[in-house]
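Listed in TrEMBL for this protein:
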- Lys25, Arg91, Lys92, Lys95, His97, Glu117, Asp118, Val119, Ile120, Thr121, Ser122, Gly123, Lys124, Ser125: 5-phospho-alpha-D-ribose 1-diphosphate binding site (BINDING)
- Thr121, Arg149: orotate binding site (BINDING)
- 235-440: domain 'Orotidine 5'-phosphate decarboxylase' (DOMAIN)
- Asp241, Lys263, Ser349, Gln404, Gly424, Arg425: substrate binding site (BINDING)
- Asp295: active site, for OMPdecase activity (ACT_SITE)
- Lys297: active site, for OMPdecase activity (ACT_SITE)
- Asp300: active site, for OMPdecase activity (ACT_SITE)
Amino acid sequence: MDTKKEFFLECYKLGIIKFGRFTLKSGIESPFYVDLRPLASDPKILKDLANYLLEMLPLDNFDLICGVPYAALPMATAMSLESYIPLIMKRKEAKSHGTKKLIEGIFSKGQNCLLVEDVITSGKSLLETIPEIENEGISVSDIVVVLDRQQGGKEMLQSKGYNVHTLFTISEVCDILKDEGLLMDEEVERINDFLRGNVVKFKEEKRISYEDKLKICEHSVAQKLLHIAIQKKSNLIVSADVTTTAELLKLVELVGPHIVALKTHIDIISDFDSDQTILPLKDLAAKYNFLLMEDRKFADIGNTQELQFSMGVFKISNWADLVTAQVIAGYDSLDCFRNVGVVAILSMSSTGTLTDMEYREQAVKIAVSHPNVFGGVAQNKIPNELLLFTPGVNLADSGDGKGQQYNTPEYVFKKLETDFIIVGRGIYKSDDVEKAALNYKIAGWNAYENSL
Ligand code: S5P
């Protein structure tokens, strides 16, 4: 094996190139991602790298060396140490006080500086850096680059009169990795396609089926819901946001055959009575084979939630199969939900919600690790071991003028890989409630099957 190849494989082990699906700053999707910064953390590799780079260059031409911040700074330093060519440093931004210098170090006008860069893509950032050095009266004739992504940068700079020396190209690197069995033909093809300037097609990742979910979602409530979904060919949960017992029971008679669960806000039922409201509701749940989901969105300390869950007028713990809970009060606050499944609120469907990415990440950590939690309410993908419940689904509207935002079943199954859709007004406000429920059931099931 030649030594340059061996050297590259040593570098590769530091994780400098990753293959997969990456979105670049430009928004373009790339089949690989390069980050050479880890090279500086291995002194032997950094020293060898400096020597490989120096070997390619007409060293007598250079009075100075300068690295483009930040990744190339340690590389330029190492090259300076190995070659005794003095180093200058370019700031990313001029100091806001004092000398406002952009270039630090000892230099004089008329000197020629070798520019060092880690990766060259379009060459645009180098084109911005070069004048900043030239403005100090220093000339730049040569640029040395560790990896050329082969996206036109080298050619562009050469056309402007600069000599560009590159140690590795992405094609060369792919060949080495393919030879070593570290890269599949399919990936190489995708990379070549990308380098030719084509929009790369990635295999659409398939969502996993309810049958497969049964194997990974062990919570008994998750199991029940999945079995019902498969049996009834439905992923529909109706949100019964009506305000009297009569309306509630009438609604359930119509939608019961089509749903996997009925979601209630039991505290909006003005004539709530556990015998009149809950007993018939439980009978209907048994008759039509669906679960009862109380959307209480608990959001307090464990002790208070425990009381809200089991005491008061509603005695939720007596009848609900599953409840929703915020995770804002932390992991331990969820311990009180015994004999019930918890669906954690991970993000919300309303405009201006505070459930940003950082919140969601923390919330998901709690949800996947807490044994009482088997699912999440969210508007984004969540880990496969949780069941995803998505409200804000409507076939006719895009919003309600009060902050609610709607998506279609097709969208939430394809984009979010949801497991269950939650539909409220789209059904209970419809002129023909039963027909609407059937429509949403069919739309939801078709969307699920299309997303497989
Ligand atoms: O983020 C959320 C979470 C929930 S649980 N957004 C929501 O809309 N919900 C609930 O889903 C909401 O409380 C309501 O009961 C239902 C949506 O009703 P719709 O009439 O807008 O479909």
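Note that Cβ sites are derived from N, Cα and C of the backbone, with glycine treated the same way.
Unlike curated records, TrEMBL annotations are generated automatically.
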For this session: Other than Asp241, Lys263, Ser349, Gln404, Gly424, Arg425, which residues of the same chain sit close to substrate? List them in sequence order, counting a residue when its Cβ is within 8 Å of the Cβ centroid of the site.
Result: Ser239, Pro391, Gly392, Ile422, Val423
Seminar exercise, completed: Least crowded of the recorded positions Asp118, Asp300, counting other Cβ atoms within 10 Å of each Cβ, is Asp300
For this session: Please list residues from the chain of Arg149 (orotate binding site) whose Cβ is under 8 angstroms from its Cβ, counting only those at least six apart in sequence.
Result: Val34, Val119, Ile120, Thr121, Ile170
Exercise. Which of the listed binding-site residues (Lys25, Lys92, Lys124, Lys263, Arg425) has the least company, meaning the fewest other Cβ atoms within 10 Å of its Cβ?
Worked result: Lys25
For this session: Just give me the nearest neighbour of Asp300 (active site, for OMPdecase activity) among the binding-site residues Ser122, Ser349, Gly424, Arg425, Cα to Cα.
Result: Ser349
For this session: Spatially speaking, which of the recorded positions Lys263, Asp295, Lys297, Ser349, Gly424 is closest to Asp118 (5-phospho-alpha-D-ribose 1-diphosphate binding site)? Use C-alpha to C-alpha, please.
Result: Ser349
Exercise. Quick one: which of the binding-site residues (Lys25, Asp241, Gln404) have their CB closer than 6 Å to ligand 1?
Worked result: Asp241, Gln404
Exercise. Looking only at Asp241, Lys263, Ser349, Gln404, Gly424, Arg425, the residues listed as binding substrate, what is the longest Cα to Cα distance in Å?
Worked result: 17
Exercise. How does the model score the domain 'Orotidine 5'-phosphate decarboxylase' (235-440) in terms of mean pLDDT?
Worked result: 96
Exercise. When the number of other CB atoms within 10 A of each residue's CB is tallied over all shown chains, which of the recorded positions Asp241, Asp295 has the maximum?
Worked result: Asp295
For this session: Tell me the Cβ contacts of Gln404 (substrate binding site) under 8 Å, same chain only and six or more apart in sequence, or just say none.
Result: Ser349, Ser350, Gly392
For this session: Identify, among the recorded positions His97, Lys297, the residue whose Cβ has the fewest other Cβ atoms within 10 Å in this structure.
Result: His97
